[in-house]
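Chemist: My structure is below; once you've seen it, I'll send some questions.
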Amino acid sequence: MLCRISLCGRRSLRCSSALGYLASREKHTLPDLPYDYGALQPHINAEIMQLHHSKHHATYVNNLNVAEEKYAEALAKGELSDAIKRDFGSFEKLKEKLTTFSVGVQGSGWGWLGYNKDSNRLQIAACANQDPLQGTTGLIPLLGIDVWEHAYYLQYKNVRPDYLKAIWNVINWENVAERYRACKK
């Protein structure tokens, strides 16, 4: 599912999954006005501007954050989400662990979220070069993150952690969930 999102003056962001976007983004904040509250006087007084900006607009921003948190929770429900919580404690912990494994790949390779059919558990692994996940670890691949420099060098140069922070915005969690359901059959 591709979507375009533009919120609170942020530029549009293309994402393949609302869950990936919502889970990795920072909360919205009330933007500063580029002028003083009294700048529109005598036509609109400073008190009205202050009230609308710091109270009304701030309330809209706060309510947006609450709504997005509830939306992310609703999207995250399901088999894959339950397995992530069971095996990692939370989506954030999965994200941290997979990012750490992926940053740690020496040279070229992949960071993986895989399924261990024997233990019925999700596991994180890293593979060097072209080594296949299932062939080297026995894990069924659910999500692979390419950490070969060709995947990110033009945009992120040699700063792999910045690339890995950004990659969470484009993961197709519907596809990962489909793979998880398929391997459990």
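The backbone N, Cα and C atoms fix where each Cβ goes, and this holds for glycine too.
Pasting the feature list from TrEMBL:
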type: BINDING; residues: HIS52, ASP146, HIS150; note: Mn(2+) binding site
type: DOMAIN; residues: 77-179; note: domain 'Manganese/iron superoxide dismutase C-terminal'
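Let's see these features in context: how buried, what's close, how far.
Modeler: Remark: HIS52 (Mn(2+) binding site) has no non-local neighbours by Cβ distance under 8 Å and separation of at least 6 in sequence.
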Chemist: Using a Cβ-Cβ cut-off under 8 angstroms and a sequence gap of six or more, which residues of the chain neighbour ASP146 (Mn(2+) binding site)?
Modeler: TRP110
Chemist: Just how many other Cβ atoms lie inside 10 Å of the Cβ on HIS150 (Mn(2+) binding site)?
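Modeler: If we count other Cβ atoms within 10 Å of HIS150 (Mn(2+) binding site), we arrive at 8.
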Chemist: Quick check on the domain 'Manganese/iron superoxide dismutase C-terminal' (77-179): DSSP residue counts for helix, strand, coil, in that order please.
Modeler: 50 helix, 23 strand, 30 coil
